[in-house]
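Record features, source TrEMBL:
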type	residues	note
DOMAIN	25-163	domain 'MARVEL'
TRANSMEM	32-51	transmembrane segment
TRANSMEM	63-91	transmembrane segment
TRANSMEM	103-122	transmembrane segment
TRANSMEM	134-159	transmembrane segment
Amino acid sequence: MSHTVTVTRTTTTTSTSAIILNTGYLKTLPGLLKLAQVILGGIIIAILVYYKDQKYTFTFLSSALLFFLCIATTFFIASLLLLLSCLCSITTASIIAKTLYEFIYHGAAFLLYLIACLMFLVEVNRANFGGGYYQPFLVASIFGLILTALYLVSSVLAYRSYRGG
């Protein structure tokens, strides 16, 4: 005795306008590095902007300060945009890590931050203001060197990801 079985298949599609965040990206090493780069970059910019117009900022410090501020602002904005794009899109987080862009970006950030920090650190130590006025600038340069190391680590990770390792 044979039986007839009828299978009905129903497909339901729903759309949502909610923004889904890829919070899992922040649990990865590249995600944590980008978050640390954005936070530390913001702190450096805040220190430099707050203290740059104080009465004890001398003119010979201004060119190194301006270069450091430009580098810090440039890479803060770019890193923030990279972080936001990786948080807002799962495919972006997986695809952009495999491109050469990540390696070139982090390599350039490493080199330019290193140059800017060393120039600024030399000028701050040369100035050595009386009364401890140079301390906020010294802190900003040290934070910049830490950020330089973070960009170096990101550059190495990006190269490995690009090469498939």
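Note that Cβ sites are derived from N, Cα and C of the backbone, with glycine treated the same way.
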Tally of DSSP helical, extended and coil residues in the domain 'MARVEL' (25-163): 126 helix, 0 strand, 13 coil
Remote residues contacting the transmembrane segment (32-51) - C-beta distance under 8 A, at least 6 residues beyond either end: 26, 57, 65, 68-69, 72-73, 75-76, 79-80, 82-83, 86, 136-137, 139-140, 143-144, 146-147, 150-151, 153-154, 157
Local confidence of the prediction over the domain 'MARVEL' (25-163), expressed as mean pLDDT: 89
